[in-house]
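Structure first, commentary second.
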Amino acid sequence: MKCSTIESAHKALLNSKDNITGIFLDLNIEKRLDGLELLAFIRNNYPTIPISIITSESDTEIVKRTLLCKPQDYLIKPLSVAKVKRSILKFEENKKHKLNMTS
């Protein structure tokens, strides 16, 4: 699995959507774009890409809105290595499942 950081989320999705195993999305990823808007965009346009939310957000309304978009995980900062690894393993399991479904 290859890991990379992307400055422009939209550009990354357009260029790599078929090769994305999963996305770690910080709700405060870009100054120009609200993380919830980006989450909704990804979910509406790329519904099969698993997403793990990374946030320090504790506002109940934002948490509810986030969970409506059905992220794979909702990780609270500060992150532990173990939680990130579990999320990556879920990404890989999801990808294997998709490959088995198409073959």
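Cβ from N, Cα, C; glycine included.
Feature annotations, reproduced from TrEMBL:
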DOMAIN    1-92  domain 'Response regulatory'
MOD_RES   Asp26  4-aspartylphosphate
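Annotation note: the residue listed as '4-aspartylphosphate' sits in a strand segment as assigned by DSSP.
Just so you know, the Cβ of the residue listed as '4-aspartylphosphate' picks up 15 other Cβ atoms within 10 Å once every protein chain is counted.
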